[in-house]
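**Student:** Can you keep this structure in mind? I'll have questions shortly.
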Amino acid sequence: MSPRIQQLAAVLLAAVVVVAAARDEPAAAKNYQTQWDTVMSILNCKSDSLIPSYICSVISKSRWGWASDDPNDDEYTPPDHPLPAPAAGRRRWPVMTSLNLTKYVDSLPRIAKIRGYGIRHGRPVPIKLTIGMYSKTWQFHRDMPPTPVFVYGQSLQTATFPGPTIVARQGVPLAVEWQNHLPDAHILPWDPKVPTAIPKKGGVPTVVHLHGGAHPPEFDGHAFAWFTRDFAENGSTWTRKTYTYPNVQAPGNLWYHDHALGLTRVSLLAGLLAAYVIEKPELEDPMNLPCGDHDLHLVIADREFYTNGSISIDREWKPEYFGLVITVNGKAWPYLSVQRRRYRLRILNASNARYFNVTLSNGALPFTVIGSDSSYLSRPVTVSNLVLSPAEIFDVIVDFSRLPAAMTEIEMLNTAPYPFPNGPNVTDPNLDGKVMLFKVAGKGKVDDMPDKSKVPEHGVPYASVAALPPPTTTRYIVLYENQTAPGNLYINGLRLEDPVTETPKSGTTELWQVINLTGDNHPLHLHIATFQAIKMTKIEGFQVFKDCMIKNNNTATCNLDQHAVGPVVPVPEEEKTWKNAVKIPPEFMTSVVVAFRLVEANQPYPFDATTEPGFVYHCHILDHEDNAMIRPLKLLP
């Protein structure tokens, strides 16, 4: 018997022993985790593994799961209804990580685009699209089984993870009928203790929110405007099958995703997310930016997978979801072959809770930032790294022609701790900081076409903070955690269901002083409005102020003016524009100017933004949003 066969036999025997022991003693399964991890590390399911991939697949399906009471239950099946957390001593099945998936074996998918307008007599005209939500499987990695997902598409066959990018034209309305074709039960478990849309007749509630969109409230995707398959059942604020997006705002990058009450974190985790772009050729064409095949979306999202391919999430609500696999455009650690030329990369962090601090091979190439969220910058800004919160978008140019001739590979790396910013700065062996790889053509390779693009000298001159009408109101927005019931994360000590307290007048500007009493950085997102941070002030005597606020929930009583006197931290240059998500650091008061009007034209909305059901604002860490860092926002005439 050859040494390789002997080694293989020993590994297989070890796997059988560990699995059998764990199944015989579920309560003591944790004692076998180290042995199992060792076995799986050797098997590895990699192309260079000791054993062929098909044998590895068989072994990987033999691991213990939630220690099922059913001895015949050998496969994990996503629950058809919410289930309690596993009892003490029960184990999850081993998951896919950077240790058992080979990186850079799948090419980066090019996301399909849907044109959101028609052409008649050479001019763009409004059209109607029908886009559905479908249940299917998706291959996240060459060596993984297919994964059950929920995805957007114009048909089941064309639906993808992420969904198709809708390309709209500024000033041309787009009607979309959103259709729910999802099954009777969610593919992921959800926690019934969190306020959740629960239909009486079964089905998966969904509603689509255009993140960054300026539109009437009835088209906003309100959390209570959910509906189930074939519109069989709907929430209290549902009114229509078709949403109309006026696309009157400035050109830029948006995205659309599910927003049903209490299910946002699991439905986006399942795949209900996609990009949306508003174009304005007369403004953008003269900028001569990289276009066509050299203009790409990079939709980054972390996930955790069981080794049978299904997505893993705890059955009970947890403060943050962090996956051990980094996906870009629906592939785990993909690669992209590029020419030595400029590329435009529209980078969206679509993760539930993970922040990214990305570099290109630790600064080998810079990012030239031309836009953030749905707005261009007033001028390009060159940086060595980008910090992206969940839901944040950076529009950048990367010039691969600047690489040394001998350098033909460059990695996108992430160094952000998790939770951000105070998570441990210890390297997790299951997550090594890699995001994706760019394979750069050799110096002598002939480009497919000459690079005539450029980095523009100037961006877009939106109305500045000073040019807008002066703020009519100053509001104090306080972010709490565990103020009442354990686990709740509230804004101003209130829930979504509590009476509205933020009632700005449509067309006005306000100053929001956002105070973060938690240990996390929170990406603040306001529906309808665009906004920008102007400064961040350290809160001195933080614990004294926090204790007072938890007791009194009143900034005047707690002498905010005596505490918000610490060092002032400037806003990064690449974030100085009108945004849809602003980072709120812990122990700071962040001053945010909020424009309830169109900032490109510096005009009021050309539609009625005061109708029902109103809007919301919330933290865009999805686990926080669901429980319950979200509040109503009602514009007044």
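Going from the start of the chain as shown, residues are counted 1 onward.
Cβ coordinates are placed from backbone N, Cα and C, and glycine is handled just like the others.
Since this is a predicted model, take the numbers as computed values, not measurements.
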**Student:** For the Cu cation 2 site that Swiss-Prot describes with HIS211, HIS257, which of these is also annotated: HIS563, HIS620?
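**Tutor:** Given HIS211, HIS257 bind Cu cation 2 in Swiss-Prot, the matching entry from HIS563, HIS620 is HIS620.
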**Student:** For the Cu cation 3 site that Swiss-Prot gives with HIS259, HIS618, which of HIS121, HIS141, HIS458, HIS527 also belongs there?
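**Tutor:** So, going by the record in Swiss-Prot, that would be HIS527.
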**Student:** Looking at the Cu cation 4 binding annotation from Swiss-Prot, with CYS619, HIS624, MET629 already listed, which candidate in HIS297, HIS522 is the matching residue?
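**Tutor:** Answer, per Swiss-Prot (Cu cation 4 site with CYS619, HIS624, MET629), from HIS297, HIS522: HIS522.
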**Student:** Rounded to the nearest Å, what's the C-alpha distance separating ASN100 (N-linked glycosylation site) and HIS527 (Cu cation 3 binding site)? Just drop the number here, would you?
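**Tutor:** Pair distance, Cα basis, whole Å: 40 Å.
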**Student:** For HIS211 (Cu cation 2 binding site), which of the listed recorded positions (ASN234, ASN349, HIS525, HIS527, CYS619, HIS624) have their CA atom within 10 A of its CA?
**Tutor:** HIS525, HIS527
**Student:** I'd like to know which of the recorded positions ASN349, ASN357, HIS527, MET629 sit within 10 A of HIS209 (Cu cation 1 binding site) at the Cα level.
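**Tutor:** Neighbours among recorded positions, in sequence order: HIS527.
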**Student:** Check the Cα distances from HIS624 (Cu cation 4 binding site) to each of the recorded positions ASN234, ASN553, HIS618 and keep only the ones within 10 Å.
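**Tutor:** So the list reads HIS618.
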**Student:** What Cα-Cα separation, expressed in whole Å, is found between HIS257 (Cu cation 2 binding site) and CYS619 (Cu cation 4 binding site)?
**Tutor:** 15
**Student:** Counting other Cβ atoms within 10 Å, pick out the least crowded of the glycosylation sites ASN234, ASN349, ASN357, ASN516.
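**Tutor:** Checked ASN234, ASN349, ASN357, ASN516; of these glycosylation sites, fewest Cβ neighbours within 10 Å: ASN357.
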**Student:** Checking the binding-site residues HIS522, HIS527, HIS618, CYS619, MET629, which are within 10 Å of ASN516 (N-linked glycosylation site) at the Cα level?
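**Tutor:** So far as Cα distances go, the binding-site residues lying within 10 Å of ASN516 (N-linked glycosylation site) are HIS522.
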